[in-house]
Each structure stands twice: as structure tokens, then as C-alpha cells.
Amino acid sequence: MSTHNSQDDGNSESQNLKTRAQMARSQRWVVKIGSSLLTNNGQGLDKPAIAEWVAQIARLRQAGIEVVLVSSGAVAAGMRRLGWTVRPHAMHELQAAAAVGQMRLVQNYEQEFQKHDLHTAQVLLTHDDLSNRERYLNARSTLTTLLDFGVVPVVNENDTVVTDEIRFGDNDTLGALVANLVEADVLVLMTDQNGMYSADPRNNPDARLLSYLPAFDSRLDDMAGDGGALGRGGMVTKVRAARLAARSGTHTLIVGGRLPSVLDSVRAAESVGTLLYADCEPKTARKNWLAGHLQTLGELVLDDGAVRALQHKGKSLLPVGVCAVSGQFTRGDMVVCRDLNGAEIARGLVNYGADEVSQLIGTGSDQIEAVLGYVDEQELIHRDNLVLVDWKD
Ligand SMILES: Nc1ncnc2c1ncn2[C@@H]1O[C@H](COP(=O)(O)OP(=O)(O)O)[C@@H](O)[C@H]1O
Ligand SMILES: N[C@@H](CCC(=O)OP(=O)(O)O)C(=O)O
């Protein structure tokens, strides 16, 4: 199969190699191993393959690279252990399988890493842990402390407690948010294909392997298909994850986990897999957190003046620029800001609850006290707590 670089935006093969060389020299990587790979297409955990990936990660550690491992496979391993051949639909059964399988998973990693004198730590995260400012900060300091001590954190979603509404579902998204969390330089998504192709290679034998594209290239949306029977999101969630990661300046590499010594190849800056590069400047940690904060509880519609103030003047959002409000939110919650056409332009942490904002629509900041009887802040959303959708703020 031929490979493909993005030519029309001026990125040449030399840029590709340059970015790969820069990635190879970087210090902190998040490596995600997907379900379809880990379970060898449903045959239970592929232990020899796990041993091989662990050996590769150990070599990265020896080279001074800090690695956070995000590993799927709990549900599949649990199903195997319980003798189930078909993935259940009922949430409680999936959660039971995950609880059983997670034990198998970490047991394997602990055993294998021990052979290389490396300690592991199990870190199970939920959406709430990353969307709550305090828990986010705790998760961040635990992970960075583990890295400081030379431990390899093994992260998965805390499947046994999450409900449908708040689950990541796929570990690509979790990997990207963990990359945001620890400010990783690289997110490596290891999967069962050798990278991302121009179409799903399972159904399109002529599909081309993509080599180097910006994560925000809109053509990726047409080329990304769904996942296989065991994986969750296919390339759709990998592209989405690359975009989340790019918001904090992290490059994403989608590579074939079965390629021999693939992580060594990445470290040698070889042109393996698909590099979806970040072409925006790294954000501060707080903005990263905001960008990855997926759960929003309300919406504000802004007039044209407010949109301009946010997009072009670097201003905070004032109540005078708000035309409509919806949703149930309180002070400190995340809300989406839309223009009059309904397009999302920003999201941020709001200083007033939904009822208060309803009363403040169109009000000058000097009138807040007169309307509410008190004033918390002059702004509805302070600039520091606001991230524009194009992330150029
Ligand atoms: N454009 C594409 N290029 C490569 N794979 C694709 C593409 N579109 C869809 N896929 C599918 O995505 C699958 C990998 O995703 P998934 O099954 O979710 O695995 P993982 O568990 O590794 O996340 C591949 O097996 C492939 O069938
Ligand atoms: N948390 C789940 C993983 C979900 C999943 O399969 O994700 P992915 O590997 O991205 O397709 C598990 O451990 O089974």
C-alpha cells in the first residue's frame, strides 16, 4: 500500500521527519494499547504481546523517557475469564466483566514490568475525576509523582462505577485527556492496523496509509471509520483524541502494535504509522484542563459584539453581550458559548448560576448589584477561565 503525506498545506516529507525527530527526543509519552490489539481479536489477553510491549516501554524508560500507559482490555479479559463468548449489552454485566478483567490485566503488567525492575501503579479514572477541578489536580499530582519516582502508571477507565452518560467509552479519549493532564509531548495510540488509512482497510484493500497530517485536517473525518468488534471507537475516536491532544500541543501517532519493536522505531524517528501533528502552541495547564473538560451544563448565546470581543480582543464575557441562556448550571460549572447562528465559539467556567444569568441578560456590569442585590464578579466568564474553539486565544 502506498503512503500519503499532506502536500497541499505545504508540509513536506522533511517536515514529517523533523517532527518525528522532535518527538523522538521528547521526554514524556502517553502510550495507549487498544482492546482489539491486546486481546488478539478476542482470544483473551495476548500475554506474549504484552511481554513484548512492556520490554519496549522498559527500553523507553532506560532512554530517560517517562511513560504513562493507558491500557484497555479489562472487559475482554473479564469476558474470557467468565467464559462469555459474546460481549454483553447490559451495563452491569459489562461492569462485572471489567472488574474481573482489570485484575488479570494489571497482574500481567505488574509481572512483566517486574522483570525489568520497574514498578507499576494502577490508576482508574472516571470522567468526573477529570472534570472536577480539585480531583483533576489530584489526579495530575499523583501521576506526575509516580513518574518522578520512576513508576509506570497503568491507566484505564474505572468501568465498574461509570454510567452511560459520563463514560469515555473508548480509551482513545481517555489517553488524550491523560496526555493533557500530564502535559505529555506525544500520544502513541497502538492499534491493530499499521496506522490510519484513507479508508477502513478491513473493507477497502486499496486504502493508502496516511503518514503525516495536521490533527485538525477536516479530510480526516471522511476517512475515519468505526471500530472492529472488540474495539470501541475505531479511527473516529482516534482522530477526536488527536484533536484533544493537539490542544495542549501534543502530537499523536497512530501505529500498529504488532509491528516489531514499534516503540523503538518511534524513538528512532522512523516513519512508522500516522502522525497527526499539533500545529498550535502548547496551552497552560489550566487551559488544557478547560479544553478537555467535556461535560457542559448549559449554553449562552452571544451577540455579535460579544463574539468579536472574545475572538479578536481577548476579552472576558460580560452579561451585556448575552442574548439567551439555557441549561441547569451553578457558579463554577462549564458552559458553551454560541454565536447567533448556533456555532460554538468558546466554553468556560461561569461565575453565576443559570437563574442569575437569566436575570442578567443584556445588563451592564455596573448594574449587576442592582439586578441581583449582590455582585460576585463583573464578568460572566473571566478570560482566564475561557477557551476559544479555535484555541488561538
Ligand atoms: N481509516 C481507517 N484506517 C484504519 N483503520 C480504520 C479506519 N477506519 C476504521 N478503522 C478501523 O478501526 C479499527 C481500530 O480501532 P478499534 O477497533 O477501536 O481498536 P482499538 O481497540 O485499538 O482502539 C481497525 O481495526 C479498523 O477496522
Ligand atoms: N475500559 C475498557 C476499554 C474500552 C475500549 O475497548 O477502548 P478502545 O481500546 O479505545 O477501543 C476496557 O478496559 O475494557
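Using N, Cα and C of the backbone, Cβ positions are placed for all residues, glycine too.
Lifted from TrEMBL, the feature list:
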{"type": "BINDING", "residues": "K32, T191, D192", "note": "ATP binding site"}
{"type": "BINDING", "residues": "S72, D159, N171", "note": "substrate binding site"}
{"type": "COMPBIAS", "residues": "1-19", "note": "compositional bias 'Polar residues'"}
{"type": "REGION", "residues": "1-21", "note": "region 'Disordered'"}
Listed in sequence order, the binding-site residues from K32, S72, D159, N171, T191, D192 whose CB sits under 6 Å from ligand 2 are S72, D159, N171
For ligand 1, the binding-site residues of K32, D159, N171, T191, D192 whose CB is under 6 Å from one of its atoms are T191, D192
DSSP says T191 (ATP binding site), in three-state terms, is strand
Counting every protein chain shown, other Cβ atoms within 10 Å of the Cβ of T191 (ATP binding site) number 26
Once DSSP output is merged into helix, strand and coil, K32 (ATP binding site) belongs to strand
Expressed in Å to no decimal places, the gap between the Cα atoms of D159 (substrate binding site) and K32 (ATP binding site) is 17
CB neighbours within 10 A of D159 (substrate binding site), counting all protein chains shown, number 24
Cα-Cα, K32 (ATP binding site) versus N171 (substrate binding site), nearest Å, comes out at 8
As a whole number of Å, the Cα atom of T191 (ATP binding site) is distant from the Cα atom of S72 (substrate binding site) by 11
Between the C-alpha atoms of D192 (ATP binding site) and N171 (substrate binding site), the distance in angstrom, to the nearest integer, is 14
Record-annotated ATP contacts K32, T191, D192; largest Cα to Cα distance in whole Å is 12
By a three-class reduction of DSSP, N171 (substrate binding site) is assigned helix
Quick tally, other C-beta within 10 angstroms, N171, D192; top of the binding-site residues is N171
